[in-house]
Structures are given as C-alpha cells and as structure tokens.
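Right, one structure below, let's go through it.
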Amino acid sequence: MNIKQRTIKAPVSVSGAGLHTGERVTMTFNPAPENHGYKFRRVDIDGKPIIDADVDNVTDTSRGTTISQNGASVSTIEHVLAALVGLEIDNVLIDMDGPETPIMDGSSIQFVEAIRSAGFTEQEADREYYHIPYNIHYSETDRKVEMVAMPLDDDYRFTCMVDYNSQVLGSQHASISSITEFVDNIASCRTFCFLHELEMLLKHDLIKGGDLNNAIVVVDKDVDEEELAHLAKLFNRKDIKVAPQGILNNIELRHQNEPARHKLLDMIGDLALVGVPLRGHIMAARPGHAANVAFAKKIKTLIKKERSRKHFKIYDPNMKPVYDTVQIMEILPHRYPMLMIDKILELTKSHVVGLKNVTMNEGIFMGHFPGAPLFPGVLQIEAMAQTGGILVLNTVPDPQNYITLFLKIENARFKDKVAPGDTVIFHCNLIAPIRRGIAQMKGIGMVGDRVVVEAELMAQIVKKTKTEEA
C-alpha cells in the first residue's frame, strides 16, 4: 500500500444519467491538495456549494448513499468512492452539474478507467492510516446483519457474504485479500435487484435512469409473456427474457458471484465516508447501505476519541507544575477534606490541566466501598470543577478574594472506575469566552489513556463576602 498521499494529474470527466433521477450529469474529477480528502462540488447551484464525503453528512440510504451539506445534496456516491479507494487516491474534488452521480454500467469500472487515464501524482504528505485496534462489531438482529472490523497491520482486506433466502440468489461469498485487488476483481461488478423490487421502483418512478444494461435483475418469481412484454415496453427493448441463471434479459454475469462482489464494492465505497484510509480486515454478512453507514459512524467515533486523547500530553512526574498544592490553596478556598487537586500542570487563558492523586488514605474509602474501594463519581466532578475554578480565577488579579460558584453541570458521563493508586488528569477547556464572570467549560478526566469522566460545566466567580472571608 502507498505511503505518500496521491491525487490525479489532470481533470477528467464522465457523463451519464443518474439511476434514480434520470438526469443527465457530467462529473469531473479534479486534482486536489494534500489532506483535502474527497469532496463534491455542485457547480449547477449558485455559490457552487461543497459537500464533504463524510459519514456525518449522510442523509439517506434507502436506494443508495446520499450526502448533504451547505444546502446541497449528492446521491448514489458509493460507486464513485469505491473507485477512488480502490485506486488509492486520497485527494480529489469532484464537480457535478446535477444531484446524482451517473450510474454508467452499474459498477465502478468506468470511473476507474477515467481516473486511470488522468494519471496519478504522488504528494509530499504521508498517508495517515487508521489501524483497526481491536475487533469492532456491528449487528442488526432483525435483518441478520453482522459486521466486524478486525486488526490487520499491513493491508485493507474484505470478506462479504449475502444470503437472500432465494432459490435463484442464495448464499454467496466474495473476498479480496488486499485493496490492490479491487480493480481486477471487484470494480466491474454491477448493481442488482430482484424483479419484485424492480416492479415497485418502476411503479413509483424511482429508476428513471435505469435500463437492463446497468443492473442485474434477479427473477425471484414466475413471469409470463405478458409481464415480459410490459417490461420490454418500459425499457424500449424487444429481447427481454429470463436467462438460465435466473436473471432477466440476455445479460451475462461477469462472475458467478457478481451480486456478492457488488455488495463488497458498495461496502468499500460507503466505508470511505469514515474519512481516513483504513488498515484492517472487514467482514460482513448481509450488508447494505444503512448498515455500512452505521458501521462507518461507529469506526469514525472511535477514531475521533483516539485522536482527541492524543492531544492530551502524557503526565511527566519530573515536570515542574504551574501550581503545587500549597499554591493551589492560595487561590482556592477549599481545605481538607474537600481539596481535590494536588497540582496544576498547565494553565492558559482557555485551558487548564490539573492532577489528582487518589490514595487509600482518603477517608471516603471507609464507606465507599469496604473491600472494594472506588472513588465516587460526584467527587470526580468536584475535582474537575476545582481544576476549572483555577482557570476561571486566573482571569482576575486577586483570585484569593473570589470564590467560584458552579451554576450547572451537564452531560456528565462516568466512563470507567477510579480506584486508590490512580492518578487522574483533568483537562478543562473553555467552550466560549468568559463573559460577566461566567465560564462554560468542557472537562475530561483521564487515568493513563482511559477517559474515566467527562462533563460540561458552567461557573461564575463572585467576590467573597465578609462571612466567607472569615
């Protein structure tokens, strides 16, 4: 697999009708800079809005995958994205003068051929793979969907199984051991549907751009000459028939398991919406666009969590703190047993990092819980609040004359246990600028690389009264 990012050397265009809209569209692949990713641009709309190929932008998965952003949409994007992933292209801007990508022959091969003709350019930036760290599962019990991503250090591998409980299209399997096999083994595999689905789509005028050359139609019921004649009229064909393989028309399968291979193609395209190239082995039973997108969201959520943790510095006990315990007591009014912070490690105008050493000597463990000591979640929030209090009090010249009152705690989540011997690092960041002494903060508590607590806090600083000063 490539190490450097790649784009294409020159613009290249393809034209055709959208499968569902029937609208004629020209789609142009353009070179793009490093770290650009995949983006669509609707050049037929004022302002030429750009739509990021991002799973968070998915708005429909009923008959294909649709993404929407900035008041514009692009549908049936999976075959295009699969071609880009299969060719290991990282950065491209795709101009479209219509709402749906052209269906072409129902596969990715014509996109592959067009992109290949433009040539490739290696860029300076490294390609940053996301390595699947452990088995990631997704399932839908009612549809018998099972998907799993497994660790695989050196490649991107796929295994797909479909089973429609049909005498014509029963259980099929398809696989590639490397993404480099996509072009030769998967790219030319066409979309398919069952005859009963085709009739429903025709009835509701949902395949205005379809014909019998860009889809495999599986005949899953008895059909008479009258019905065949009706289909021939709809598609302006004279030779419609049921082939020996149980498919409509005289179309020939490119592979005996072409439907399973096409499902694998769709899966590659939909998972491109994760936004980063993956390394791992993806296995799926009965996948579809909705499941693919849900699985992509699950993987992206994991990536976002891991990336956010990388922003947090690893605690170095040799590092001199901004404030030690004595200095903290000069700012905060808290005293034993309610002083929960031992050090302030970092402090800027917008964020603060505090440290709490949890020891068995704390009296709370006498009752929480005997024989199974756990540091209470409410005290974790208190420690986070005190860390945030240092940040807020840092905005006044005489913090010793103020106290911090917390007005609201929202979205508190306790992710893991905290026990004696743990060192909890609290990170608090301002969500918005401090106004009228009121601060809104996002706080995260970590033990090692584990997030143990998170919450959003709102606090206000007020001057001490005479009673409080006493």
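Glycine residues also receive a Cβ, built from the backbone N, Cα and C atoms like all the rest.
Nobody curates TrEMBL annotations by hand; they come from automatic prediction.
Summarising the annotation, TrEMBL assigns active site, proton donor to His289. Sequence-distant neighbours of His289 (active site, proton donor) (same chain, six or more apart, CB under 8 Å from its CB) are Thr61, Ser62, Gly64, Thr65, Glu78, Asp266, Asp270, listed in sequence order.
What TrEMBL records for His79, His262, Asp266 is Zn(2+) binding site. Reduced to three states, the DSSP call for His79 (Zn(2+) binding site) is helix. Remark: His79 (Zn(2+) binding site) has Thr101, Ile103, Met104, Gly106, Ser107, Ser108, Phe111, Thr191, Leu265, Asp266, Gly269 as non-local neighbours, by Cβ distance under 8 Å and separation of at least 6 in sequence.
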Identify all same-chain residues not among His79, His262, Asp266 whose C-beta atom falls within 8 angstroms of the centroid of the Zn(2+) site's C-beta atoms; report them in sequence order.
-> Glu78, Ala82, Ser107, Ser108, Cys189, Thr191, Lys263, Leu265, Gly269
Min neighbour Cβ count (10 Å) across binding-site residues His262, Asp266 flags Asp266
